Ligand SMILES: CC(=O)[C@@H](O)[C@H](O)COP(=O)(O)O
Ligand SMILES: NCC(=O)COP(=O)(O)O
(Lines of atoms letter the chains of each structure in order from A and count residues from 1; the text may use other names and numbers.)
(Lines give C-alpha, C1' and ligand atoms only; values in the text may rest on other atoms or scores of the structure.)
(Ligands and ions follow the chains in the order given, each with its own letter.)
Protein backbone atom coordinates (compact mmCIF):
# COMPACT_ATOMS: atom_id res chain seq x y z
CA UNK A 1 0.00 0.00 0.00
CA UNK A 2 1.37 3.42 -0.87
CA UNK A 3 2.39 5.71 1.98
CA UNK A 4 -0.31 8.23 1.18
CA UNK A 5 -3.04 5.59 1.64
CA UNK A 6 -1.70 4.38 5.01
CA UNK A 7 -4.02 5.21 7.91
CA UNK A 8 -2.84 8.37 9.71
CA UNK A 9 -3.23 7.72 13.42
CA UNK A 10 -4.72 10.37 15.70
CA UNK A 11 -3.44 10.68 19.27
CA UNK A 12 -5.72 12.95 21.34
CA UNK A 13 -3.89 14.84 24.09
CA UNK A 14 -6.19 15.24 27.12
CA UNK A 15 -3.92 17.49 29.21
CA UNK A 16 -6.27 20.44 29.15
CA UNK A 17 -9.28 18.54 30.35
CA UNK A 18 -7.20 18.22 33.53
CA UNK A 19 -6.38 21.95 33.37
CA UNK A 20 -10.11 22.71 33.72
CA UNK A 21 -10.49 20.11 36.49
CA UNK A 22 -7.53 21.47 38.43
CA UNK A 23 -8.83 25.03 38.17
CA UNK A 24 -11.25 24.16 41.00
CA UNK A 25 -9.66 21.02 42.47
CA UNK A 26 -12.78 19.01 41.63
CA UNK A 27 -12.99 15.48 40.21
CA UNK A 28 -14.67 16.77 37.03
CA UNK A 29 -14.18 17.05 34.14
CA UNK A 30 -12.59 13.58 34.25
CA UNK A 31 -9.70 13.16 31.78
CA UNK A 32 -10.35 9.41 31.61
CA UNK A 33 -13.95 10.01 30.52
CA UNK A 34 -12.58 12.39 27.88
CA UNK A 35 -10.23 9.64 26.70
CA UNK A 36 -13.16 7.24 26.25
CA UNK A 37 -15.16 9.81 24.28
CA UNK A 38 -12.15 10.59 22.10
CA UNK A 39 -11.75 6.85 21.45
CA UNK A 40 -15.41 6.57 20.43
CA UNK A 41 -14.98 9.56 18.11
CA UNK A 42 -12.03 8.07 16.24
CA UNK A 43 -8.87 8.57 18.28
CA UNK A 44 -6.34 5.79 17.72
CA UNK A 45 -4.53 6.63 20.95
CA UNK A 46 -4.44 8.96 23.94
CA UNK A 47 -1.56 11.26 24.87
CA UNK A 48 -1.02 12.80 28.29
CA UNK A 49 1.89 14.84 29.63
CA UNK A 50 2.75 14.43 33.31
CA UNK A 51 4.60 17.64 33.98
CA UNK A 52 6.96 18.00 36.92
CA UNK A 53 4.67 20.67 38.40
CA UNK A 54 1.52 18.54 37.83
CA UNK A 55 -0.26 21.63 36.52
CA UNK A 56 -2.74 19.40 34.67
CA UNK A 57 -2.32 15.61 34.35
CA UNK A 58 -1.79 13.90 37.71
CA UNK A 59 0.03 10.74 38.76
CA UNK A 60 -3.38 9.14 39.36
CA UNK A 61 -4.43 10.05 35.79
CA UNK A 62 -1.33 8.33 34.44
CA UNK A 63 -1.98 5.21 36.54
CA UNK A 64 -5.59 4.95 35.35
CA UNK A 65 -4.76 5.59 31.70
CA UNK A 66 -2.00 2.98 31.86
CA UNK A 67 -4.22 0.38 33.49
CA UNK A 68 -7.64 0.91 31.90
CA UNK A 69 -7.27 2.32 28.40
CA UNK A 70 -7.94 -0.20 25.62
CA UNK A 71 -6.17 1.92 22.98
CA UNK A 72 -2.47 2.93 23.09
CA UNK A 73 -1.43 5.39 25.79
CA UNK A 74 1.40 7.75 24.82
CA UNK A 75 2.97 9.02 28.04
CA UNK A 76 4.78 12.34 27.56
CA UNK A 77 7.49 13.13 30.09
CA UNK A 78 10.60 15.13 30.73
CA UNK A 79 13.85 13.12 30.67
CA UNK A 80 14.24 12.98 34.45
CA UNK A 81 14.84 10.12 36.90
CA UNK A 82 11.50 10.83 38.58
CA UNK A 83 9.58 10.47 35.34
CA UNK A 84 11.63 7.45 34.26
CA UNK A 85 10.66 5.65 37.47
CA UNK A 86 6.97 6.45 36.85
CA UNK A 87 7.19 5.22 33.27
CA UNK A 88 8.93 2.00 34.29
CA UNK A 89 6.27 1.44 36.97
CA UNK A 90 3.37 1.75 34.52
CA UNK A 91 5.01 0.59 31.26
CA UNK A 92 2.68 2.54 28.91
CA UNK A 93 2.46 1.57 25.24
CA UNK A 94 4.59 4.59 24.31
CA UNK A 95 6.79 7.19 25.98
CA UNK A 96 7.59 10.50 24.32
CA UNK A 97 10.51 12.45 25.80
CA UNK A 98 9.77 16.17 25.71
CA UNK A 99 11.70 19.24 26.92
CA UNK A 100 10.21 20.97 29.95
CA UNK A 101 10.82 24.24 31.82
CA UNK A 102 8.65 25.07 34.83
CA UNK A 103 8.21 28.66 33.78
CA UNK A 104 6.99 27.75 30.29
CA UNK A 105 3.30 28.15 29.50
CA UNK A 106 3.52 25.23 27.06
CA UNK A 107 6.22 23.28 25.27
CA UNK A 108 8.39 25.88 23.54
CA UNK A 109 10.65 23.80 21.35
CA UNK A 110 12.02 20.37 20.63
CA UNK A 111 14.22 18.20 22.80
CA UNK A 112 17.93 18.71 22.09
CA UNK A 113 18.60 15.03 21.46
CA UNK A 114 21.93 15.92 19.85
CA UNK A 115 23.21 17.80 22.88
CA UNK A 116 21.72 15.42 25.46
CA UNK A 117 22.83 12.11 23.96
CA UNK A 118 24.68 10.82 27.02
CA UNK A 119 21.81 11.80 29.32
CA UNK A 120 19.13 10.31 27.10
CA UNK A 121 20.82 7.07 25.99
CA UNK A 122 20.41 5.10 29.25
CA UNK A 123 16.80 6.26 29.61
CA UNK A 124 15.95 5.31 26.05
CA UNK A 125 17.51 1.89 26.60
CA UNK A 126 15.65 1.25 29.88
CA UNK A 127 12.31 2.34 28.41
CA UNK A 128 12.83 0.19 25.33
CA UNK A 129 13.80 -2.81 27.46
CA UNK A 130 10.55 -2.25 29.43
CA UNK A 131 8.61 -2.60 26.19
CA UNK A 132 7.70 1.06 25.72
CA UNK A 133 7.83 2.51 22.20
CA UNK A 134 10.17 5.46 22.75
CA UNK A 135 9.85 8.69 20.79
CA UNK A 136 11.63 12.02 20.96
CA UNK A 137 9.78 15.32 20.57
CA UNK A 138 12.25 17.19 18.35
CA UNK A 139 12.57 20.09 15.95
CA UNK A 140 12.52 19.22 12.23
CA UNK A 141 16.32 19.47 12.05
CA UNK A 142 18.76 17.00 10.45
CA UNK A 143 21.05 17.14 13.49
CA UNK A 144 18.15 15.94 15.67
CA UNK A 145 17.22 13.19 13.25
CA UNK A 146 20.86 12.02 13.27
CA UNK A 147 20.77 12.12 17.09
CA UNK A 148 17.59 10.02 17.08
CA UNK A 149 19.37 7.51 14.86
CA UNK A 150 22.31 7.35 17.26
CA UNK A 151 19.89 6.82 20.15
CA UNK A 152 18.17 4.06 18.17
CA UNK A 153 14.63 5.33 18.90
CA UNK A 154 11.85 3.90 16.70
CA UNK A 155 9.86 7.16 16.54
CA UNK A 156 10.36 10.90 16.43
CA UNK A 157 7.59 13.46 16.86
CA UNK A 158 8.28 16.59 14.82
CA UNK A 159 7.37 19.84 16.56
CA UNK A 160 4.82 21.76 14.49
CA UNK A 161 4.65 24.79 16.78
CA UNK A 162 6.43 27.28 14.51
CA UNK A 163 4.49 26.01 11.46
CA UNK A 164 1.29 26.85 13.37
CA UNK A 165 2.48 30.29 14.49
CA UNK A 166 3.69 31.77 11.18
CA UNK A 167 1.86 32.67 7.99
CA UNK A 168 2.39 32.87 4.24
CA UNK A 169 5.83 32.03 2.88
CA UNK A 170 7.22 31.40 6.37
CA UNK A 171 4.56 28.72 6.91
CA UNK A 172 5.29 27.19 3.51
CA UNK A 173 8.97 27.05 4.47
CA UNK A 174 8.15 25.41 7.81
CA UNK A 175 5.96 22.86 6.03
CA UNK A 176 8.80 22.00 3.65
CA UNK A 177 11.18 21.62 6.59
CA UNK A 178 8.80 19.24 8.37
CA UNK A 179 8.12 17.25 5.20
CA UNK A 180 11.85 16.96 4.45
CA UNK A 181 12.62 15.73 7.98
CA UNK A 182 9.70 13.29 7.93
CA UNK A 183 11.13 11.83 4.71
CA UNK A 184 14.66 11.72 6.18
CA UNK A 185 13.42 9.95 9.32
CA UNK A 186 11.36 7.42 7.35
CA UNK A 187 14.27 6.77 4.95
CA UNK A 188 16.36 5.83 8.01
CA UNK A 189 13.78 3.52 9.52
CA UNK A 190 12.40 5.97 12.11
CA UNK A 191 8.61 6.44 12.14
CA UNK A 192 7.80 10.17 11.98
CA UNK A 193 4.93 11.67 13.99
CA UNK A 194 4.02 15.36 14.39
CA UNK A 195 2.25 17.61 16.85
CA UNK A 196 1.80 20.85 18.82
CA UNK A 197 -0.57 23.65 17.97
CA UNK A 198 -2.49 21.81 15.27
CA UNK A 199 -6.06 22.95 14.56
CA UNK A 200 -8.88 22.38 12.07
CA UNK A 201 -7.43 25.16 9.90
CA UNK A 202 -3.78 24.10 9.77
CA UNK A 203 -3.83 20.28 10.10
CA UNK A 204 -4.40 19.50 6.40
CA UNK A 205 -0.93 20.13 4.92
CA UNK A 206 0.75 18.29 7.82
CA UNK A 207 -1.64 15.35 7.49
CA UNK A 208 -0.88 15.20 3.76
CA UNK A 209 2.81 14.44 4.39
CA UNK A 210 2.77 10.75 3.42
CA UNK A 211 5.57 9.53 5.72
CA UNK A 212 3.90 10.90 8.86
CA UNK A 213 2.20 8.02 10.70
CA UNK A 214 0.61 9.81 13.68
CA UNK A 215 -0.53 13.27 14.75
CA UNK A 216 -0.87 14.24 18.42
CA UNK A 217 -3.43 17.00 18.92
CA UNK A 218 -4.93 18.30 22.13
CA UNK A 219 -5.25 21.91 23.21
CA UNK A 220 -7.30 23.05 20.21
CA UNK A 221 -9.63 20.04 20.36
CA UNK A 222 -10.39 20.57 24.05
CA UNK A 223 -11.11 24.23 23.34
CA UNK A 224 -13.39 23.39 20.43
CA UNK A 225 -15.17 20.86 22.64
CA UNK A 226 -16.61 23.78 24.60
CA UNK A 227 -18.60 24.72 21.47
CA UNK A 228 -19.01 21.46 19.53
CA UNK A 229 -18.74 18.85 22.25
CA UNK A 230 -15.69 16.60 22.52
CA UNK A 231 -17.03 13.81 20.32
CA UNK A 232 -17.67 16.19 17.39
CA UNK A 233 -14.40 18.05 17.92
CA UNK A 234 -12.43 14.80 17.64
CA UNK A 235 -14.61 13.49 14.79
CA UNK A 236 -13.98 16.69 12.81
CA UNK A 237 -10.19 16.55 13.08
CA UNK A 238 -10.45 12.88 12.12
CA UNK A 239 -12.45 13.83 9.01
CA UNK A 240 -9.95 16.54 8.09
CA UNK A 241 -6.99 14.18 8.50
CA UNK A 242 -8.66 11.52 6.35
CA UNK A 243 -9.60 14.08 3.69
CA UNK A 244 -6.01 15.35 3.57
CA UNK A 245 -4.76 11.80 2.99
CA UNK A 246 -7.20 11.39 0.07
C1 LIG B 1 5.00 18.22 23.58
C2 LIG B 1 3.77 18.97 23.29
O3 LIG B 1 3.72 19.82 22.44
C4 LIG B 1 2.54 18.69 24.06
O5 LIG B 1 2.25 17.36 23.97
C6 LIG B 1 2.73 19.11 25.50
O7 LIG B 1 1.89 18.35 26.33
C8 LIG B 1 2.40 20.59 25.60
O9 LIG B 1 2.37 20.94 26.95
P10 LIG B 1 0.96 21.37 27.59
O11 LIG B 1 0.01 20.25 27.28
O12 LIG B 1 1.29 21.52 29.04
O13 LIG B 1 0.54 22.62 26.90
N1 LIG C 1 2.86 16.35 21.31
C2 LIG C 1 1.82 17.27 20.91
C3 LIG C 1 0.56 16.98 21.66
O4 LIG C 1 0.44 15.95 22.30
C5 LIG C 1 -0.55 17.94 21.59
O6 LIG C 1 -0.09 19.27 21.45
P7 LIG C 1 -1.26 20.40 21.45
O8 LIG C 1 -2.21 20.03 20.34
O9 LIG C 1 -1.92 20.35 22.79
O10 LIG C 1 -0.52 21.68 21.17
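Just so you know, the numbers here start at 1 and follow the chain as drawn.
Even glycines carry a Cβ here, placed using N, Cα and C.
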Per TrEMBL, 15, 16, 51, 56 bind 1-deoxy-D-xylulose 5-phosphate; matching candidate in 70, 106, 160: 106
Distance check against residue 219 (3-amino-2-oxopropyl phosphate binding site) for the recorded positions 49, 51, 56, 76, 157, keeping those with Cα within 10 Å: none
Spatial separation of residue 15 (1-deoxy-D-xylulose 5-phosphate binding site) from residue 218 (3-amino-2-oxopropyl phosphate binding site) - C-alpha basis, Å: 7
Rounded to the nearest Å - Cα separation of residue 16 (1-deoxy-D-xylulose 5-phosphate binding site) and residue 157 (site 'Transition state stabilizer'): 20
Three-state secondary structure, which DSSP defines for residue 49 (active site, proton acceptor): strand
Residue 13 (3-amino-2-oxopropyl phosphate binding site) and residue 76 (active site, proton acceptor), Cα-Cα, nearest whole angstrom: 10
